[in-house]
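These notes concern the structure reproduced below.
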Amino acid sequence: MKNILSIQSHVVYGYAGNKSATFPMQLLGVDVWALNTVQFSNHTQYGKWKGIVMPKEQIGEIIQGIDEIGELAKCDAVLSGYIGSAEQVTEIVNAFHTVKSRNPNAIYLCDPVMGHPDKGRIVADGVKEGLIKQAMAHADIITPNLVELRELSGLRVENFEQAIEAVKVILTKGPKKVLVKHLSKVGKQADKFEMFFATEEGIWHISRPLYQFDKEPVGVGDLTAGLFLANLLNGKSDIEAFEHTANAVNDVMEVTANSGVYELQIIAAREFILTPRSQYKAIKIV
């Protein structure tokens, strides 16, 4: 069994961060070591919440604790998502280096949570800069949305062709694999949800239905990053992992849309996370 150290947010109510990613990864047969960067009552898009940002020292202390019982070498991957403070970025990069020193085959997926095309800035001061200047260079895989694609590449990205160029730029900055979680307004079709996956071997595009919500669910990117990493650790090829992830997330979104509720319906859609009913295919475009 593969093991993922998942360092991201936790909400008591609803689905975001580790709450959105842990159960789906476990469904795929991966053990998840969840380390929370924040503990909030609910996600921040409600406009109000209670809770705390974990002290930056706690990340290193917890990693040390796992190491001291001799288990850190069993960690196959580090996944980072929503980060509560700029100082935590450094701690997460250090945590990955510690894991890598115990297991040289361990990989790092950075979900560079900075913002959302329709939700604006959602992270603390300094986090964006830390992700760009520190985390990206150490990540094997990075999973930006459109806002994050622009920030990481330093390009404007106003159309499909510019998105392709931005992905190519990011591949020169450290990551070996780039999964663009949502092309949003720079996609080819306004009524579709479009994604990219890129390596040095090429760029693949996948398109699936775009569901309409009164309020967009939160945690979709967290779910996407977690499923992609779990699929890779389970031995799927890059494209198999990309397709399974896109199809499983599509099914979760469809179940959520049909339910008429705000929060992701991960439990209700659990069978489709394991075996998606959707069969959308990735097409190589470069």
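Easy rule for this one: first residue shown is 1, then count along the chain.
Yeah, the Cβs are placed from backbone N, Cα and C, and that goes for glycine too.
The annotation in Swiss-Prot ties Ser9, Thr44, Gln45 to substrate, and of the candidates under consideration, Asp191, Asp214, Asp222, the one tied to the same site is Asp222. Just one of Glu87, Glu148, Glu151, Glu158 is listed by Swiss-Prot for the same ATP site as Asp111, Lys181, and that one is Glu148. The CA atom of Asp111 (ATP binding site) is located 17 Å away from the CA atom of Thr44 (substrate binding site). With Ser9, Thr44, Gln45, Asp222 listed as the residues that bind substrate, the site has a largest C-alpha separation of 15 Å.
The record gives Asp111, Glu148, Lys181 for ATP. Within 8 Å of the mean position of their Cβ atoms, the other Cβ atoms in that chain belong to Pro112, Val113, Ile142, Thr143, Pro144, Asn145, Leu179, Val180, Gly221, Thr224, Ala225.
Cβ-based crowding with a 10 Å cutoff singles out Ser9 as the top-ranked of the binding-site residues Ser9, Thr44, Gln45. Comparing local CB density within 10 A for the binding-site residues Asp111, Glu148, Lys181, the maximum falls on Asp111.
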